[in-house]
Structures are given as C-alpha cells and as structure tokens.
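Asks: Structure provided below as structure tokens; questions to follow.
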Amino acid sequence: MLVAVVILSVFIIYGLTNLMIAKEAMTWILIMCPSLPHYIFYIIYSICAVSVFIMFSLPARYRVRKYIACFSYYWMGSYFYLLLTTLISIIIVFFCFQFGFVSPDFQRQVVFIKGWIVFITVLGTLIYGRINAKDIKLNSYDIRIDKKAEISELKIALISDIHLSGINNYGHFSKVIKKINSTNPDLVCFSGDIFDSDYYAMENSEKIQELLKEIKSKYGTYACMGNHDAGKTYKEMIEFLQKSPVKVLNDDYINIENKFVIAGRRDSRPIGYQGEARGQLLDLDEKSKELPVIVLDHQPSNIKEYNSNIDLVLCGHTHRGQIFPLNYITNAIFDVDYGYYRKDKDSPHVIVSSGVGTWGPPFRIGTNNEVVSINVLFRK
C-alpha cells in the first residue's frame, strides 16, 4: 500500500510540475509566435514528458527502446533544470512585482526576458554538462597501510559506475581503458555498476570484450557487482564477465601471490535478481589476515561493517550526485559520498569514486567522470 501511494505521488508531482513548466514556456513562446496553435506545443511537450515511461515499459533488447532511452535520458536532464530554473524565476519575478522593483505595466517584457534567461541558462548548462561528461579526469591518492608485505607499494586503478549502454558506449569506454592504462597500474578494480540494469542495454558487446582484454596490469582486473548489475539478465552479465579477463568476486577473496588479498562483496541492495543474497563479513583465513586486505564494496553505506582486519575499501555508487545540486544530497546521506575517508586508526581507509559513466541524464554538472589512481605504500 505504501509503495502504491509513493508511486502515485511521484506521478502526480511529475505531472503537475510538467504542467507548470509547459504553461510558463507557452506564455513565453506566444509572445514571439502569437499565431502558434497551443495544441502543437502541448503535444510535443507531452511526448517528451511521457518518453520516460515508454522507455521503462519496453525490454532493452528492442532496438527502438535504445533510441527512446537516449532521448528520454536527455529529457530527464532538461526537465530537472527547466523545473529548477522555472521555479527560481517565478519566485524572483513575484518578489520584483510584490516589492515594486518592476512596474506591472512591464509584465509582458518581464515574461519575455525571463523566458530567454531560463532558455539560455538551461541550454548552456546542459551543453556544458554533456561536454564535461565526455571528459574523463584522473584523480590520485597516496595511502600508507601499516602492514608488512612482500612488496613496498601497490598502484591501483579504480573505476566504478560505468553503466554500459547506448550513451556510455564503446567510444566512451575506450577512453576509459586508455586512461586506466596511462596510470601503469599493478591492479585494476571495478567497484560495481558495470551494467545499466539490463545486459541488452549495452551496445557492441563483442567490442567491449576486446577492450577489456586491452587492460594492462601486473596482478589482474577484479570487480564486485553493483545494484544495477542485477535483474532479469543477471545471468548474461555474469557470463559476459566470465569470458573477459575481469574476475568477479561475490563475497569471495583471492590471495595474490602471498602479497595482498583482494576481496569483493555482493551488493547490499541490488535492483532485482543478483544470485545469492549478500553474505556475512568475509571469513578470511589466518594467513590472509596477516596480509594487506583490499575490499571492493559498491555502496559506501556499508563501510561500517569493516574493522581493522580490512585495510582499504573501494566504493562507487553515489556518482557524487552527478548533477548539481544533487551532490549536496549525496553528501548529506552518506558518511562519505566521494573521495578519501577514514573514521579512526582502527578503521580501514575508504575511497569512493564518482564513477566513469552516467546514470539517467547523460550530464556531469558539478562532478566529474574519473579514473582513480591509488598509490598504496606498505610498512617496510
């Protein structure tokens, strides 16, 4: 019952806010094109608004769904910033008239100027956000782990939240692989959300396989599964990764040449089927406990599970909000939504990546796509 109420509320809010945006836009457009029939604009706007629901109603394996998905993801970003800027502009104009800063005689001119400001602001923001999303930054951290190892240092390349799809496609992923290899890593880690909730949302799967084979590292490539690496096509996702050089760790760990341990956790809140449920804390053997232990766990909300037996936890999931001002929301929700964190000396080091892909709106505004390079130093 509660779920039904929430869903109904979302539909109502989405419908009413779209109606507000459409009316504001129509008022502005009619100043420039007074002869334009209202119904033409409202039909076009309605198609944009319902495209999201059409996308989610179609299976990802249908090619037409990929085109609709691409359109609707752009619409999501447009709707979000249209809503934000429209609300702000309405409030500003209200106070301008209320306190006499602008005479009511100039209402038509105010609507005209307000419309152009909203249009240019939204368009400019989205263009910037799309360009920024295509740019992959390199972010580096130096960490010292107080454990002896047979190696003095370990260079890790971390990526998360690829969300392979028609938007985060072969071209984008090829840039990710080049950025990874440019760091000359000893170890490559994927901290979840390789897929975008459906295996068939990924394009050019064979070419993606070839890209994965191009990753160069001394100790290999390891991954944990994220909340979007789940659902009806989970089996296909696992089979795809089994054919690649990527080793998936589902509540499992591997002792790498008695130098360090790499472990991976199942996601704590998968969206759909993901095999077995997440297990309890990793039961390391005595030899492995003596070695530096690195854990891949998609969601940073799980870091409270780990104690001094774990040395480094690598996460993703948050996207750091992906688009402004959602970064403030993720910062409020998580103990750490991005970057480096360590609660105290008895807690593990934690690094949360903002990801290398986008979910939903294909924009990065106030955040970046990144490959993370981590230089880990061990006690001599």
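Heads up, the Cβ atoms here are built off N, Cα and C, so glycines get one too.
So TrEMBL lists the following for this protein:
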DOMAIN    154-320  domain 'Calcineurin-like phosphoesterase'
TRANSMEM  39-58  transmembrane segment
TRANSMEM  79-101  transmembrane segment
TRANSMEM  113-131  transmembrane segment
Asks: Go through the chain and flag residues at least 6 beyond the ends of the transmembrane segment (39-58) whose CB is under 8 A from any CB in it; none is fine as an answer.
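Replies: Same-chain residues near the transmembrane segment (39-58) but 6 or more away: 14, 18, 22, 25-26, 29, 64-65, 68-69, 71-72, 75-76, 78-79.
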Asks: Mind looking up the mean pLDDT for the domain 'Calcineurin-like phosphoesterase' (154-320) in the predicted model?
Replies: 95
